[in-house]
Amino acid sequence: MAEEVVKLLGIWASPFSCRVEIALKLKGIKYEFIEEDLANKSPLLLESNPVHKKIPVLLHNGKPIAESIVILEYIEQTWKVNPILPEDPYERAMARFWAKFVYEQVHHAGKGKEQEQAKEEAIDLLKTLEGQLKDKRFFGGDTIGLVDIVAIVTWYWVQVIQEATGLELLTEERFPELFR
């Protein structure tokens, strides 16, 4: 059998590329990271993601997979070692639901709204998410899973927003479970 070739087109500072890298590393998959310049997109990126023309893109034996959450699902289905989704179908569905919630609701909270309204919306969504931890170390229990990997991007952006605006959204006092 031929050796698998895995490449990741991304940017070192992209939290979306980071999601994919975390999953590949958790699964012990060897890959080549190809740094992209979004101001001067490579022909490989444009060929591999002709619809959105953005990173990350995973190339597995020359076949491109785009969009970080889609890539995470592909990684999970392709490499069974060190699962990032639970085995139980109901628990898998719940993990997918909460990952989608984090990406679609929490990560995009408050866009296009006044600062105070955006802050309150973000706090409400984070409280909902925090309720899912229920004294667990990770959203999936004792090991890092899909929701944790997706949430990493949100924590990153919240920290950037806090630093840039002086807002205090994600504090240990307000969200003790998220800081454990």
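Including glycine, each Cβ sits where the backbone N, Cα and C put it.
Mapped onto DSSP classes, the domain 'GST N-terminal' (4-83) shows 29 helix, 17 strand, 34 coil. Look at TrEMBL and you will find 4-83 tagged as domain 'GST N-terminal'.
Here the domain 'GST C-terminal' (88-180) has a mean pLDDT of 85 out of 100. Per TrEMBL, the feature domain 'GST C-terminal' maps to 88-180.
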